[in-house]
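> So TrEMBL lists these for the protein:
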- 45-65: transmembrane segment (TRANSMEM)
- 77-96: transmembrane segment (TRANSMEM)
- 258-280: transmembrane segment (TRANSMEM)
- 300-319: transmembrane segment (TRANSMEM)
- 339-360: transmembrane segment (TRANSMEM)
- 380-599: domain 'Major facilitator superfamily (MFS) profile' (DOMAIN)
- 381-402: transmembrane segment (TRANSMEM)
- 414-433: transmembrane segment (TRANSMEM)
- 445-465: transmembrane segment (TRANSMEM)
- 471-492: transmembrane segment (TRANSMEM)
- 504-528: transmembrane segment (TRANSMEM)
- 534-554: transmembrane segment (TRANSMEM)
Amino acid sequence: AMSEQWDVGRALALSGLFRLLQGAGRACAAPFLTLYLRHLGLPAPLVGVVAGAKYLAAALWAPLCSRCPEGRRKRRLLVASSLLGSAGASLLLTLIPPAGGDAGYKYCNASQQLGDRGAAATVPGPGTSSHMSAVTNAKAVSKEMVKTTADVLIASRKPTLTSAAFQGLFGLTDMLEKKGRGIGEGDTKTNGYSDGPSGWTTSVEAVNWETREPEMPAPYRPPLHAYESGNLSDQWKDTQDVSFEAVQNIFQDREHQIFLMVLGAVVLWELLATSLEWTVDENLYEYLDFVDATDRYGKLWIWSYLGASVGACSIAVFVDQLNCFLSSTITRLAVHFYGYALLITLSLLVSVFFPIHVPKRTDHVNKTAKALALLWSDGRAILYAITVFLTGAAGSAVQNFLFWQMQDRGSSELYMGLSVAVGLLAEILLYFFKGKLLRTFSSIKIVAVSLSLLAVQLLCYSFLWTAWSVLLVQILSAFSSGALWWVVNMTVDDIATPGMERSLHAVLQSLCYGGGASLGSFAGGFVVKHFGLAVLYRAWCVCLVLWLFLILIVQSKLPRQKKINYSRLLAADSSDMSDSDEENERDWLVKAMKDESFN
């Protein structure tokens, strides 16, 4: 017979290597996705929709992925196709052209100039000269057209353009500059958060922005009767309205087309990546369950975190060495997706050697519905489910827009990669003190500390002064994310019936990301556009503090009852039952010694 111990060791080693590569690949691309969308010229609301759809797709698809197909060959085929498909879907994003002409160069060049603290302007790379000259020529032609049109109007004493038409005309001249603005696009009064350095702000001197009317020299202002010139005036107005509407629609459709292409590629990418991760994970757990070694499954996440830390920093260092553009339309951020595709392809080689065990399916119970019923039956589980929902929504603001904020503070990609690594490594380090912390502090105290520190993180981000300060704030993620999930998982394990632990954990993950993070992303983009990123951070900070007080009050009112862990109770080995006589004898001896000492 084959050595089970050797099989388990090999399976765990292969799984650890696979998770290392997967974590590194994910960290190469996923944290930088919204930054890439900004360089494509998508505004904050559309970026929020894409991020929310990504979270929602993963949460809805995960329960379906837990039902692996029967047969070893089918499972290997599913893993291989998911691997190659996710790599291909990520590369699709690099083929999407930007919505704005100079969006990518503006943000790249702006961050470099700020990072150099006022040094000389960055010289474009070889791949950017033709692109920038085209943009410059387009702006020159547009402004010359406006000037010529205004001269013709003045010379012919035609009616002055209406306020709306005039704004539309001048909007064309700077459309390339404004296109690609991220947060607070076109609204500098209520923004509270700028897309870039103040030097990028465009202005039109010929317009009085308080009255929104064009300023012309007094002798050339048309007489009042010109507005009453009948058909001629109406025809001119109709022509202008139609032409400006047509041009405006072209630009809007362009942005929407880019948005739809990005949305489709991101959702496809997430579905394939989720299918891959769940299939591999479920297969490994079934194999370890078959050889009675599921206790060794719980620490494999450390390999994913280590891979993600290395991947995020490595790709950031590499991208920082590149020019802003790899070609006329592809920014250097596309390298993030190239790195993801490379690492995913390498993990395909590892997956070939996975041991596969296909268990016999005896029931087809809807475990998701059963898990929801178990959560609903316990008051503390309900509180913690709401907690992970809110923390997921609040965390989405950081995951979606923190790199935007860092970029506008002149951050290099190295600081962004380090911010990812610091948070993950802090969780790993705190994990080694997990047992001691859970024995020393009650569950509600750990939850209270976690919520408080997450609120502090958000408050600090709203007052972010320099890029490197993010690294200090990210250390708090060890408690705000890691310790919180310890308590949540421990609580649901206590109410779990046999075989329901993983289903309960999956439901909570779906509530956090599919529910909280997706809704937070959908709403967060619009809040950022109209009120600013600082307002979004502070609003979530206030919500978490209010929920902290509420959960403390409700927790004190819940009845104190000892929950029985059914899984641990029924997991007793038969060998333990065979030793019952010896245990009874030992118990009798202990009792007799206690009685003797008492007498």
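Quick reminder: no glycine exception, Cβ is built from N, Cα and C everywhere.
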> Between 45-65, 339-360, 381-402, 414-433, 534-554, who has the most Cβ pairs under 8 Å to the transmembrane segment (300-319)?
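Top-ranked stretch among 45-65, 339-360, 381-402, 414-433, 534-554: 414-433.
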> If you average pLDDT over the domain 'Major facilitator superfamily (MFS) profile' (380-599), what do you get?
85
> Who are the long-range neighbours of the transmembrane segment (414-433) in its own chain, taking Cβ under 8 Å and residues 6 or more past its ends?
27, 31-32, 35, 302, 305-306, 308-310, 312-317, 320, 402-403, 406, 467-468, 470-471, 474-479, 481-483
> Would the transmembrane segment (471-492) count as touching the transmembrane segment (258-280), i.e. at least 3 C-beta pairs under 8 angstroms with sequence separation of 6+?
no
